[in-house]
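Asks: Provided herewith is a single structure, encoded as structure tokens, for subsequent inquiry.
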């Protein structure tokens, strides 16, 4: 592979930052970069949870209070799609954009991502979703309490409260009582497998149809597609979104919000589905004989140059040589 011809000039040479911020950057790189990465992971899950669960709040409260035009399944799917794309655009340069425990586990197993760092990432991801749900509750508190009062007045509180149509369903995922959980597992697994396949394809540097600029939107669209078609059957698609939301629901409404046996399905199924999707992609679709997309080449070389600057080393435009980790650069 030939070296890129473009020089990767640090932004500070074109737009110098104040000396105080430059001093903070040096301190951050030396001492607290691990914390900044965790904040980025939490922020990423916060953004797409805030988008998706916020849209869900409008939909559920609107239905209970019979207020027309406050939401739809389509709107929820679009919100999650855009939320995913925005999360990647904002945070991927800092933490490499996992935002999903399944992708972090995949990085640990297949890309030598440090185990302890991976565990910290997973905690940060869950925390980001948890905070987003609590903030949504505060913002929608009046509507949520009016919805609860309406259910109590209609004698439907016990029937609806802890379902996908009830106020707790804004934050946590549920399936109707009596649902055949085998079908739910199948639905979750197939959707997560397809989603994982799209993610691995869109983050492959040899994919000339998914550039670094289009990758966030393609992944976001994949989330939207599975939401449009299969959310009514029972779909979580991300353990961080599920656990963060479920913990928030239990914080707000007590243990009755735990989701029963379905909680384990929602939290865990996406992990093996994503791992199998990764193996399937490598065995069937990936091919090292392909040429690298020039846009990916330029971006990866720039990211390597950034890591070298942070380490205090010389910066060369070549992608050859170790970056200090075999982690895949993009995992979003």
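Glycine is no exception: its Cβ is also placed from the backbone N, Cα and C atoms.
The feature transmembrane segment is assigned by TrEMBL to 119-138, 159-177, 183-203, 215-237, 262-284. Sequence annotations record features per position, and here TrEMBL assigns region 'Disordered' to 312-332.
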Asks: For the transmembrane segment (183-203), I need the partner stretch with the highest count of C-beta pairs below 8 angstroms, choosing only from 119-138, 215-237, 262-284.
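Replies: Out of the listed stretches, 262-284 contacts the transmembrane segment (183-203) most.
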Asks: Against which stretches of its own chain does the transmembrane segment (262-284) lie, if we need a Cβ under 8 Å and a gap of at least six residues from its ends?
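Replies: Answer is 100-103, 105-106, 109-110, 173-175, 179, 181, 184-185, 188-190, 192-197, 199-201, 204, 234, 236-239, 242-243, 246.
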Asks: Sort out the residues at least 6 away from either end of the transmembrane segment (119-138), same chain, that have Cβ-Cβ distances under 8 Å to it, and list them.
Replies: 34, 37-39, 41-47, 49-50, 53-54, 57, 95, 98-101, 104, 144, 170-171, 239-241, 243-245, 247-249, 251-252
